[in-house]
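Enquirer: Handing you a structure now.
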Amino acid sequence: MALLISCGEVTSSQFTVFRLLNQSLDFVSDNVSRLLAPIFTNLRDFEMRLSCIERPPSISGNHSHLCTEKWFSDQKDYDQKEDPEAIFNVLDYILKSSLDRLASLRESVCQTKSFDYDDCLSIHSSIMRDLCLQGKLDAALWLRKKMIYSGVIPGLITHNHLLNGLCKAGYIEKADGLVREMREMGPSPNCVSYNTLIKGLCSVNNVDKALYLFNTMNKYGIRPNRVTCNIIVHALCQKGVIGNNNKKLLEEILDSSQANAPLDIVICTILMDSCFKNGNVVQALEVWKEMSQKNVPADSVVYNVIIRGLCSSGNMVAAYGFMCDMVKRGVNPDVFTYNTLISALCKEGKFDEACDLHGTMQNGGVAPDQISYKVIIQGLCIHGDVNRANEFLLSMLKSSLLPEVLLWNVVIDGYGRYGDTSSALSVLNLMLSYGVKPNVYTNNALIHGYVKGGRLIDAWWVKNEMRSTKIHPDTTTYNLLLGAACTLGHLRLAFQLYDEMLRRGCQPDIITYTELVRGLCWKGRLKKAESLLSRIQATGITIDHVPFLILAKKYTRLQRPGEAYLVYKKWLATRNRGVSCPSILNHMHTEEQ
């Protein structure tokens with residue numbers, strides 16, 4: 001047909017038919033890529049990958065388009081002129097266009113495959129990391145399996161994310177299996193991979209396997225670093241393995257990482273902390289001496305570990321000495337340093353020194369925190385110096401540091417224990433003015449103060465106010481009121497409170513029943529007290545010797561030793577481990593004398 005066209009031996013109608021045929025050929029040529037794709041790449045893999053991404057912009061559709069319109073001349077009047085050279089030119093152009101189109105198609109398929117692989121790897125790896133961070137480890141493992149099945153292996157960073165997620169979730173066996181798979185099919189695990197798995201093994205107390213993995217790292221061409229050693233040493237210290245008798249083990253661990261590396265401050269800190277916790281003060285100070293000899297720079301963390309260890313062992317003089325050495329070396333004490341010393345002084349009852357150190361702390365430019373005030377306020381209240389504790393509470397407010405509700409409760413309870421309910425109410429009102437909401441412990445402290453002063457009506461009023469502020473009374477609330485009612489002889493009121501407890505779903509405890517037994521004995525209703533005691537035993541509540549002792553003492557005072565002895569035998573039947581049995585007989589003997 002091309003020969004006829006070039007010679008001009010066709011009519012216009014035939015020419016139109018030929019044009020339609022060539023347009024059909026163009027349509028077929030546009031779809032050749034779909035027909036030839038299975039030849040250049042695997043059909044299943046190609047379709048799966050191509051569905052993941054859009055067609056790359058670099059691959060244009062006209063690369064494989066056969067420009068047949070150029071085969072025809074624009075000349076319409078051929079005048080029956082024969083031109084054999086034109087025929088060969090047309091055939092040559094057709095062949096060249098077909099070969100160019102075939103080469104372009106092959107290049108397009110190869111580019112599509114390469115683009116799809118890299119893009120899928122990046123997208124799927126990102127999804128896997130997100131799944132690990134969200135804790136969806138099963139989905140991440142499933143995606144990894146699918147990627148490997150399709151010939152795409154996630155990178156090392158993605159595998160490390162997966163290892164970290166598995167270890168944090170406690171799936172240590174899966175993490176161990178993943179490392180083995182990485183060694184077999186890639187990517188090869190690095191030091192971070194091993195550190196993650198070793199830390200996971202140590203977290204589940206499998207230190208033996210962690211040590212084995214640590215020792216086999218060199219076999220796979222991975223040299224442990226300082227992080228690896230820190231993890232191992234910390235785990236061994238927690239287990240109590242590293243001590244005076246096995247210092248050689250520590251040296252082997254350190255030699256495995258970097259033979260010429262200086263002594264690591266983190267390892268030294270871990271060792272000293274472990275020694276102090278195990279009571280090995282001398283060994284801890286030997287580590288410090290070795291640090292000084294090797295010129296290892298000490299920071300505030302190292303000094304805080306030493307000072308805390310010395311304070312725990314009661315060596316306050318040495319603790320002060322290290323604080324002075326700390327300042328000489330240009331390391332400023334921080335809030336943890338002062339809190340450690342203040343806490344130790346309060347435990348020893350040296351509140352004047354603790355308060356002076358608190359002032360030194362402020363003068364030195366270190367702002368006290370909640371713990372600094374909490375230690376002193378609690379210590380002063382326990383020691384009975386509530387007014388001074390209240391001064392520290394006010395000092396917090398002046399420093400724009402709002403005390404937590406616990407500190408308010410401690411001061412209110414301190415005043416309440418000494419019967420100073422007016423001061424307790426003043427602190428409560430100040431607490432409310434600063435927007436701190438009272439809780440059940442606040443009200444219990446106030447009730448305790450009223451009960452201590454014999455003001456049962458005021459205590460009852462506080463209980464009713466609790467319910468109006470949507471604070472539910474607890475067992476302690478009822479025990480305080482019930483005990484006060486029994487002490488004042490209001491036995492009926494005490495049992496009303498007991499019934500209210502049950503209605504409100506508040507479970508009585510041994511203190512509740514002990515107060516009721518005491519009230520019944522005080523009223524002389526001993527048989528009912530014995531009956532209540534039997535009911536207590538039937539409920540299965542853990543019972544101590546106190547209610548038996550109250551009842552036995554009452555029988556002894558009434559010169560009824562036989563019944564007192566029966567109570568003692570009932571106590572023997574309980575076999576309570578908390579108190580020795582002869583204690584009741586000793587009290588009974590004392591009462592008889």
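A Cβ is built for glycine as well, from the same backbone N, Cα and C atoms used for every other residue.
Taken from Swiss-Prot, the feature repeat 'PPR 1' covers 120-154. Residues or ranges marked as repeat 'PPR 2' in Swiss-Prot: 155-189. Sequence annotations record features per position, and here Swiss-Prot assigns repeat 'PPR 3' to 190-224. Annotation comment: Swiss-Prot describes 225-256 as repeat 'PPR 4'. Residues or ranges marked as repeat 'PPR 5' by Swiss-Prot: 264-298. Per Swiss-Prot, the feature repeat 'PPR 6' maps to 299-333. The repeat 'PPR 7' annotation in Swiss-Prot covers 334-368. According to Swiss-Prot, the feature repeat 'PPR 8' maps to 369-403. What Swiss-Prot records for 404-438 is repeat 'PPR 9'. Taken from Swiss-Prot, the feature repeat 'PPR 10' applies to 439-473. Look at Swiss-Prot and you will find 474-508 tagged as repeat 'PPR 11'. Marked as repeat 'PPR 12' by Swiss-Prot: 509-543.
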Enquirer: Give residue numbers and ranges for long-range contacts of the repeat 'PPR 6' (299-333): same chain, 6 or more residues beyond its ends, CB-CB under 8 A.
Expert: 265, 268-269, 272-273, 275-277, 279, 281, 284-285, 288, 291, 340-341, 343-345, 348, 364, 366
Enquirer: Going by DSSP assignments with H, G and I as helix and E and B as strand, what are the residue counts for the repeat 'PPR 8' (369-403)?
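Expert: Helix, strand, coil within the repeat 'PPR 8' (369-403): 27 helix, 0 strand, 8 coil.
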Enquirer: Using a Cβ cut-off under 8 Å, which residues of the same chain at least 6 positions beyond either end of the repeat 'PPR 10' (439-473) come close to it?
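Expert: Apart from its flanks, the repeat 'PPR 10' (439-473) reaches 405, 408-409, 412-413, 415-421, 424-425, 428, 431, 480-481, 483-485, 488, 490, 504, 506.
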Enquirer: Do any residues of this chain, six or more beyond the ends of the repeat 'PPR 3' (190-224), have a C-beta under 8 angstroms from a C-beta of it, and if so which?
Expert: 156, 159-160, 163-164, 166-168, 170, 172, 175-176, 179, 182-183, 231-232, 234-236, 239, 241, 253, 256-258
Enquirer: Quick test of the contact rule: Cβ under 8 Å, at least six residues beyond the ends. What residues does that give for the repeat 'PPR 2' (155-189)?
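Expert: Same-chain contacts beyond the flanks: 121, 125, 128-129, 132-133, 135, 137, 140-141, 144, 148, 196-197, 199-201, 203-204, 206, 220, 222.
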Enquirer: Tally of helix, strand and coil residues over the repeat 'PPR 1' (120-154) according to DSSP?
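Expert: Counting residues by DSSP class gives 27 helix, 0 strand, 8 coil.
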Enquirer: Counting each residue once, how many in the repeat 'PPR 5' (264-298) are helix, strand and coil under DSSP?
Expert: 26 helix, 0 strand, 9 coil
